[in-house]
Amino acid sequence: MLSVAARSGPFAPVLSATSRGVAGALRPLLQGAVPAASEPPVLDVKRPFLCRESLSGQAAARPLVATVGLNVPASVRFSHTDVKVPDFSDYRRAEVLDSTKSSKESSEARKGFSYLVTATTTVGVAYAAKNVVSQFVSSMSASADVLAMSKIEIKLSDIPEGKNMAFKWRGKPLFVRHRTKKEIDQEAAVEVSQLRDPQHDLDRVKKPEWVILIGVCTHLGCVPIANAGDFGGYYCPCHGSHYDASGRIRKGPAPLNLEVPAYEFTSDDVVVVG
């Protein structure tokens, strides 16, 4: 009887007294055997409904699969209708909020605004970086008290006759002039009573052939030009002050003569200023 039922092909399940099920690759929705009746699960009201633990307790132990075609599974996805879709309108510009309107019309204005913000930020960052670098470099320089006590030694043989040489001393320009015999006689012959800041030439020099001055105009602090002006001494291009070869003010708005620093000759060829 069993052999006849086995050879009957499609009628084997009808002729057979027993049936058997073969597990497939997918778990069917219905089991071959009728499961025992069980009580429906009761939801614990103390737990929040929309949480991972509660959802995993209500869902099946394994993902539910329904066979739609030949070996084609379809998974079951839990859909939540209470999830709010984020709105990014606050981060978008007003010109591009309307999705039905072309953004090409406002592209130039939006690009111009972006370029303006970028340029402004770049200038601000560059200015801040300049200040930081300046402070860093200035911190490595000598302090004010060191500069105030500093001295400079000048070799006079390097300055030819009739020429003026400029040096930097205590952060200021220092003029050392090698005067000719003509300049010495010319400045010595000037009437002191005609000067705005009366001072004789011999009172401003220790050696007639050497004039040592601080090259800062007494008007507003500009640096005069040597061997220029109406009197052949120094000329301030800022406001037109004229000084003679002794550094005395002769014409223009400057009220005083050029300052003479403290100096001494250590030898016939060397002078120390400071």
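Yeah, the Cβs are placed from backbone N, Cα and C, and that goes for glycine too.
The disulfide partner of C222, as annotated in Swiss-Prot and taken from the candidates C51, C238, is C238.
Residues near S241 ([2Fe-2S] cluster binding site) in space but far in sequence (CB under 8 A, at least 6 apart, same chain), listed by position: C217, T218, H219, P224, Y235, I249, K251, G252, P253, A254.
When the binding-site residues H219, H239 are compared by the number of other CB atoms within 10 angstroms of each CB, H239 has the fewest. Here the C-alpha separation of C236 ([2Fe-2S] cluster binding site) and C222 (disulfide bond) works out to 7 Å.
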